[in-house]
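**Q** So TrEMBL says this about it:
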| type | residues | note |
| --- | --- | --- |
| TRANSMEM | 31-55 | transmembrane segment |
| TRANSMEM | 61-85 | transmembrane segment |
| TRANSMEM | 92-114 | transmembrane segment |
| TRANSMEM | 176-202 | transmembrane segment |
| TRANSMEM | 234-255 | transmembrane segment |
| TRANSMEM | 267-287 | transmembrane segment |
| TRANSMEM | 299-316 | transmembrane segment |
| TRANSMEM | 322-345 | transmembrane segment |
| TRANSMEM | 357-379 | transmembrane segment |
| TRANSMEM | 385-403 | transmembrane segment |
């Protein structure tokens with residue numbers, strides 16, 4: 001690979017601010033907390049939808065289908081949305097996505113309160129909520145480097161990833177408790193309100209400079225594919241993140257089966273998902289420092305190894321206590337891996353193509369989730385939840401191999 005085509009090693013860049021300093025930043029702070037509110041609300045809906053469909057059908061496959069519908073539109077819309085994100089105000093695009101998701105959540109809340117929510121309606125509006133996520137995703141990923149300085153990008157990406165995982169530490173248990181105490185309608189209503197919080201937070205964010213992605217060049221939906229195709233390290237990053245998405249999916253799809261097998265109920269499902277988020281939260285503040293010490297590539301490989309160990313512990317766990325320990329270890333490894341790969345992807349990207357490249361990220365990371373959810377749901381129904389966890393271990397090991405290959409490729413390039 002030519003030197004000009006190789007993304008710089010992020011581990012060699014100047015030292016940026018720590019996590020707490022970024023959270024106090026006038027631009028990044030509101031973005032972080034607004035995103036956290038929205039993602040937490042999404043977990044209220046996710047858990048309520050999972051528990052509702054499981055109560056209606058008693059099928060892990062149907063649970064997987066609910067999860068799949070949330071992410072299926074990533075495959076359909078992400079390339080177009082990524083191109084649009086390189087041409088328009090990314091904040092506006094995120095607000096549009098939040099409005100779509102909030103509307104779908106509000107309709108679900110009304111249907112649940114009226115006691116007219118059935119499986120087909122639930123699947124329909126969960127799918128529409130997924131459209132909102134597809135609109136938001138690439139723009140939200142691409143906006144982070146516009147909010148902070150270059151030296152702060154790796155830590156900012158880790159904190160942005162943390163909003164997804166810290167919300168796991170808050171949303172699932174709170175959502176399960178809300179479902180148990182007040183019903184699915186209340187959980188869906190919380191999600192609808194959370195979208196408004198993020199939209200208002202974004203409206204107040206002032207970017208330090210105009211976004212350079214808005215040029216006169218004709219919009220090219222697949223320019224991101226052409227850009228990545230000639231950069232093998234970026235191709236490996238996309239393969240790795242798809243495998244990471246496959247490896248972490250049992251936490252969502254198979255938690256009801258694991259909880260049922262351990263003699264637990266709705267609250268244990270929330271605890272399992274929360275422990276994954278807690279593991280992520282505990283490691284998030286150390287991501288920037290670990291990348292400086294270990295370097296990019298090795299950090300991601302260590303992360304996916306920890307994710308695989310966590311899923312292995314879950315697969316052989318004799319009871320819920322050991323299972324939660326494995327899940328927490330997996331959560332820490334997951335955040336470490338996904339933050340490292342994301343930072344490597346974004347480092348050195350031209351802003352004019354960032355939205356399209358990060359749309360490919362969304363397609364690989366979130367777009368694989370429908371197939372992963374259905375696969376794990378089928379494995380849970382046809383064999384056992386533990387079988388799905390074993391498949392997750394294999395996926396994590398494969399991701400580690402890919403990331404080791406990325407390091408070797410960079411070393412060979414000199």
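Keep in mind that glycine also has a Cβ here, set from the backbone N, Cα and C atoms.
Curation does not apply to TrEMBL; its annotations are automatic.
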**Q** Using a Cβ distance cut-off of under 8 Å, indicate which of 92-114, 176-202, 234-255, 299-316, 385-403 has the most pairs with the transmembrane segment (357-379).
**A** 234-255
**Q** If you count Cβ pairs under 8 Å, which stretch among 61-85, 92-114, 234-255, 299-316, 385-403 touches the transmembrane segment (267-287) the most?
**A** 234-255
**Q** Any residues 6+ beyond the ends of the transmembrane segment (385-403) with a Cβ under 8 Å from its own?
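**A** That would be 60, 236, 239-240, 243-244, 246-250, 253-254, 257-258, 261, 297, 300-301, 304-305, 307-308, 311-312, 314-316, 333, 337, 341, 375-376, 379.
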**Q** Counting only residues 6 or more past its boundaries, what in the same chain has a CB within less than 8 Å of a CB in the transmembrane segment (61-85)?
**A** 46, 49-50, 53-54, 93, 119, 122-123, 126-127, 129-131, 133-135, 137-139, 142, 213, 219-224, 249, 252-253, 256, 354-360, 362-363, 366-367, 369-371, 373-378, 380-381
**Q** Counting Cβ pairs under 8 Å that sit 6 or more residues apart, are there three or more between the transmembrane segment (176-202) and the transmembrane segment (92-114)?
**A** yes
